[in-house]
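Novice: Can you read through this structure? Questions will come right after.
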Amino acid sequence: MSLYMVRYSEIGLKGDRERSRMESILMDNIRKYYEIIGLRASCRIMSGHVLVEADGDGPLRHIMGIKSYSPVLRFRAETLEDITRIASEIYREKVRGKTFGVRCNRTGTHSFTSLDVERAIGDSLYDASAGVNLKNPDIWIHADIVGKDVFFYHEIIPGPGGLPLGSEGKYISLVSGGIDSPVSTWMIMKRGSPCDILFCSLSYPVDLRPFVDVVKKLVERWAPYRKPRIYVADCRSLIRTMVIEGRTKYSNVTFKRVIYRIAEKIALENGYNGIVTGESLGQVSSQTAENLKAIESGIGVPILRPLIGMDKDEVVDMARRIGTFPELSMGEFCSLFASRPIIRSKPEDIDEDMKQIDMEELFEGIRAYDIDDLSVALRTDLSLKGSIPKDAVIIDLRSRSQYEKDHIPNSINLPLGDAINVEDKGRTYVVYCGMGLQSAYVASMLRNRGITAYYSTFSDLKKRLSEKESGNITGIDQPAE
């Protein structure tokens, strides 16, 4: 096992009682993370740091509350001569041909000063090095002395910072399978607040797959010791109300109000301190200042928007850095309601739209899962695998102009409302659209009626046909169920 000195930042600014509480939470999280992945770890507080003895340092990079850490070598040394000798044995070859600097921190009473230590170690290594550089050396040598223990290290590895997860109150976070919402959730977790998660499904269970993939990435890397509760709201009825029947005037904004209302109900019934969203000011039509005001009007719990001042490029960079950037995307579900986006709505406009929404029906469709149970439940895959089934009815959901420009041979162009109402249960249907979300919705609705249906995208089917014609894939048709 190796030894690591773990540093925190804000915890050290707390009063004694709160500091002790947060230190305990941090150490508990460290031990649990290692235990869950099958490794050993022990830790204790030492002079404003956490000393961790563990099998490797992988988890330390991902535990909220850790500002930085260093692999350290610990020795017992009572005199300046002992400290200098040990430092020379460790670092003489490491500094050969390189510039270096020495930094010493001490806790306790000693017969020498920190400056004495720095000078003595520097003198002992100087002749083997390329010289001393106290501004930007090739290697910094650190000697932290606590009583008669000396800790040597030369690496400082950054952690995520923030506060220990679980040290602040919990929130319910709105998460999709996209880029923004997992980042906003991570940012609140970094501030010490556990987040349970709400997903509003418009093509249940198809759109759960990319959502679960992103959540698992977030949890497995950053909080395997505190897995979230997942709430899934079946919102497929909104497609008929808002898109097919067109009963709402401000659909792109009203849809967000609906999600807020669902989250509010969950928050009030389960003791969450507020709602976390991935909205950024002005990024899309529903996120103008006026629309954000209209969306949250009447919501009775606080709403946190960690990304409010961030550019999209900044969010994408952070998603890649924290490992939640989605490999595949069906498109943001909000795009279904954005054919005529409204950029400046008023609260009373959305209040009027909400009269068309049966919120009680949506509330009844909320289900709660553990993330592992939800993963097991998603065994049914409605996406098309292999070739198009023989004699399948191919439905193109794109606009008429897109269909006339190019389409899959033998496909028929149908609007969303007609596609979900096909009558021939003896046929197999392959439904495609631009991003895969509308086709996934239709496939899930047809499956609910006992009709065999698969979904895909126009680009994916074009690629499959091209590969088939070139002989890169077999021409065997996928059998119908």
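Backbone N, Cα and C atoms are what each Cβ position is placed from, and that goes for glycine too.
These figures come from a predicted structure and were not determined experimentally.
Per Swiss-Prot, domain 'THUMP' is recorded for 54-156, and the stated evidence type is sequence analysis. Sequence annotations record features per position, and here Swiss-Prot assigns ATP binding site to Leu174, Val175, Lys256, Gly278, Gln287. Per Swiss-Prot, the feature disulfide bond maps to Cys334-Cys433. Per Swiss-Prot, the feature domain 'Rhodanese' maps to 388-463. The annotation active site, cysteine persulfide intermediate is assigned in Swiss-Prot to Cys433 on the grounds of sequence analysis.
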Novice: Among Leu174, Val175, Lys256, Gly278, Gln287, which the record lists as binding ATP, how far apart in Å are the two most distant Cα atoms?
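Specialist: Binding-site diameter by Cα atoms for ATP: 16 Å.
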Novice: How many whole Å apart are the CA atoms of Gly278 (ATP binding site) and Cys433 (disulfide bond)?
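Specialist: Given the Cα positions, Gly278 (ATP binding site) is 26 Å from Cys433 (disulfide bond).
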Novice: When a 10 Å sphere is centred on the Cβ of Leu174 (ATP binding site), how many other Cβ atoms does it contain?
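Specialist: Within a 10 Å radius of the Cβ of Leu174 (ATP binding site) lie 23 other Cβ atoms.
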Novice: Provide the three-state DSSP residue tally for the domain 'THUMP' (54-156): helix first, then strand, then coil.
Specialist: 30 helix, 33 strand, 40 coil
Novice: Around Val175 (ATP binding site), how many other CB atoms lie within 10 A of its CB?
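Specialist: Val175 (ATP binding site): 27 neighbouring Cβ atoms within 10 Å.
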Novice: Rounded to a whole angstrom, what is the C-alpha distance between Lys256 (ATP binding site) and Cys433 (disulfide bond)?
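Specialist: Rounded to a whole number, the Cα-Cα distance is 23 Å.
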Novice: Which residues, sitting 6 or more apart from Cys433 (disulfide bond) on the same chain, put a CB under 8 Å from its CB?
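Specialist: Set apart from Cys433 (disulfide bond) by at least 6 residues yet with Cβ under 8 Å, we have Asp396, Leu397, Arg398, Ser439, Thr457, Phe458.
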